[in-house]
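Sequence annotations record features per position, and here Swiss-Prot assigns 4-amino-2-methyl-5-(diphosphooxymethyl)pyrimidine binding site to Q38, Y39, R40, N41, K42, N70, S109, K139. Swiss-Prot lists D71, D90 with the feature Mg(2+) binding site.
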Amino acid sequence: MPNRPNVRGVYLITPDEPNTQRLLLRTAPLLGSITWLQYRNKQADAALRLRQAGALREACAAHGVPLIINDDAQLAAQVGAQGVHLGEDDGDVAAARALLGEQAIIGVSCYDDIERGRAAAASGASYVAFGAFFPTTTKQTTRRATPALLQQAAELDVPRVAIGGIAPAQVPALVTAGADLIAVVSGVYAAPDPVAAVQGYRAGFAAQRGKL
């Protein structure tokens, strides 16, 4: 059976940071308060991605945090990451599962499309991600997901991730609608105090489903 974890909390995604040491310094203080970390760097070449993913894998292992690689199942296998996140043009779940194994965490971007969510769940995805819920500077998109979509996606029986311009104050409503994980990039990394920012996101879960 594919891995469909029972999870909730902050799903942190890394920014496009070219300096590996700085990426580690920015990320390490946050690892004790997040559920998953996704390595995403759209500006890096293959060599830098390998170095950064390997360094983050070691840091995550020290904190017991699963590392998910964005868009690249081969890189996930190479560094021993726990999973991969697949976008619209990043391959299929079956191929990633064959490469990474039944216990791998394989997520799929479903944007504002419940049918894509149904297809992902049927193919064995570990989780589905919907968004953007709000305007975001991290990724240009005109697609907008809604809390109603999260509610509808309960039928999929897989964890639901909400992503896209989400501020801490917006977390309780999304959790109430069914979000298991809140994915965030700039809301944490661009905050004046990233550690406090993570706690702000966590507090949104505590208000709705009991303390994390």
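Including glycine, each Cβ sits where the backbone N, Cα and C put it.
These figures come from a predicted structure and were not determined experimentally.
Overlay of Swiss-Prot feature records on the structure.
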| residue | record | Cβ neighbours (10 Å) |
| --- | --- | --- |
| Q38 | 4-amino-2-methyl-5-(diphosphooxymethyl)pyrimidine binding site | 25 |
| Y39 | 4-amino-2-methyl-5-(diphosphooxymethyl)pyrimidine binding site | 28 |
| R40 | 4-amino-2-methyl-5-(diphosphooxymethyl)pyrimidine binding site | 20 |
| N41 | 4-amino-2-methyl-5-(diphosphooxymethyl)pyrimidine binding site | 18 |
| K42 | 4-amino-2-methyl-5-(diphosphooxymethyl)pyrimidine binding site | 11 |
| N70 | 4-amino-2-methyl-5-(diphosphooxymethyl)pyrimidine binding site | 22 |
| D71 | Mg(2+) binding site | 19 |
| D90 | Mg(2+) binding site | 15 |
| S109 | 4-amino-2-methyl-5-(diphosphooxymethyl)pyrimidine binding site | 23 |
Would you kindly give the Cα-Cα distance separating D90 (Mg(2+) binding site) and N70 (4-amino-2-methyl-5-(diphosphooxymethyl)pyrimidine binding site), rounded to the nearest Å?
9
